[in-house]
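Colleague: Before I ask anything, here is the structure I am working with.
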Amino acid sequence: MFYICSMSDLHVIWFRRDLRVHDHAALVAACASGGQVLPLYIFDTRHWHRPDTSGRQFDFLLESLADLDGALRKRGSKLCLRSGNAAEVLSQIHTQYGIASLHFHAASHDPEETERVQHVRSWAMKAGIPLREQAIRRAMPLTPGESETAFRHYMRQPRLNAPENLDTPDMVSEDWPVASDYGLGDDACAGRQTGGRTNGVLQLRQYLSGRGRPASKRNLSVTDRESSASGLSPYLNWGTLSDREVWQAAMRAKGALLSDGDETFAASLDAFVENLEQRSRLLTAKPRHEQVENAGLPNDIFKREMVGAADPRLAAWASGRTGFPLLDASMRCLQATGRLESELRSLLLSFATCHLWLDPTAPAQHLARLSTDFDGALFYGNARKVVGVSSHPVGQIPNPVRHSQMRDPEGTFIRKWIPEIADLPDALIHSPWDAPKSLLAEKGIVLGQSYPMRMVDHMAAARAARRHLFPEQSSHALPFGVPARPNMARRAGMSKSGRVHAVPAKPVQLSFDLGGHA
């Protein structure tokens, strides 16, 4: 069915993952149309019924929308809220009020969002409504040198000012929803970051004012990496900050630091900018050789065991009760704060899918639900590499004990989140099963009661997984990162538990916390 072209002067700006009024090309274009502007956000019912979404993500979104609404009200406007299928919602508005043009930013290559936008394009074409689609980031070639040139050219362009005033019609908006309206359960997360541009700007200022100074140092501990991270990933993922304004702020700060002779902090900002560029490339470069359905993981070619939430192995892993202290501390941190550095998220997913040999879907969805900064395109694009179902898999199985000894040598992070074993000495806190029974008794630790026994022999489990995942390695020398002789590990001050499978030279990121250096 084709509609008659509208004679209205109503220009709709459709907000999605660009929840700001600053440096917003689509909003500027809508205001330049000369008529009334309707700022619109549509809650996608289908998205919030996905098994990888959660109440903490929804609450962060609500806070971001409330901040956006406040910015619009300062300019004489307000945010109109609707829920449902985007094309159907726009059709209803067009029927009631008429739409002269529709403005929005292009989608990333998340399959679900791409499909949603395509339905809107098809509807607008039939309705005779002009689409004004703006690119959030310039599409960049996959060749690293060319992409860097294109990226930096775009980033150097002047930022767009927020409009001073918006003429918005008095249109009925739906009530502000709550997570339970979409079937999302209670998801209290006391340590979660607060959404909205105001908080994103504060995070950026704190990072550039000194918090990010240690980020370029090699072999930072988990605690130091955590304290020096930018914390910007959820704000970038929801677009409360634009990539360009963050890049320009970092480059200005870097210039000032170099003028003052502070090369250490300037080097940290170099790493920060490189990660920002990598993030932009992943979001703009369409995946190749990957068949992904519903923005998730493809079928597991290794036929690992599919289990439900009640499975005791999945339940123990998901609750931080594996018996491996760094894994359990990481899971408990993610549960309590909604954030975790990417290397540790990779380690958790690798353990579930390699050592426990569980189908990747349920563990990946659990990590996604706990992550406030979840973005399907970024998360699953990298998760496929970690679990070995990508055309470019990681190729190694990280050792949780070795990682623990390297990344938390003094056990500070473990003691913060696993108080049950806080009294163990540094040399044993990474592998409590290696502690003498007399020492455990002295510290009041009963493995299997006060703290779990380790779920599996991680060395044997890794060998078994490697035979399935990397059969070509089974008859060759040990992979990179494994000591050639058993006593080398002990000479380095490591327990025997930490000397078998490899630590990736450059851990794959599941999502981007740009203050980190993963």
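Placement of Cβ uses the backbone N, Cα and C atoms for every residue, glycine included.
TrEMBL: automatically predicted annotations, no manual curation.
I grabbed these lines from TrEMBL:
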BINDING   Phe272, Asp373, Phe374, Asp375  FAD binding site
DOMAIN    9-139  domain 'Photolyase/cryptochrome alpha/beta'
Colleague: Go ahead and report the DSSP secondary structure tallies for the domain 'Photolyase/cryptochrome alpha/beta' (9-139): helix first, then strand, then coil.
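Modeller: Its residues divide into 60 helix, 27 strand, 44 coil.
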Colleague: Reduced to three states, what secondary structure does DSSP give Asp375 (FAD binding site)?
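Modeller: Where Asp375 (FAD binding site) sits, the three-state DSSP reduction gives coil.
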Colleague: Please work out the number of neighbouring Cβ atoms within 10 Å of the Cβ of Asp373 (FAD binding site), leaving out its own Cβ.
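Modeller: I get 24 for this one.
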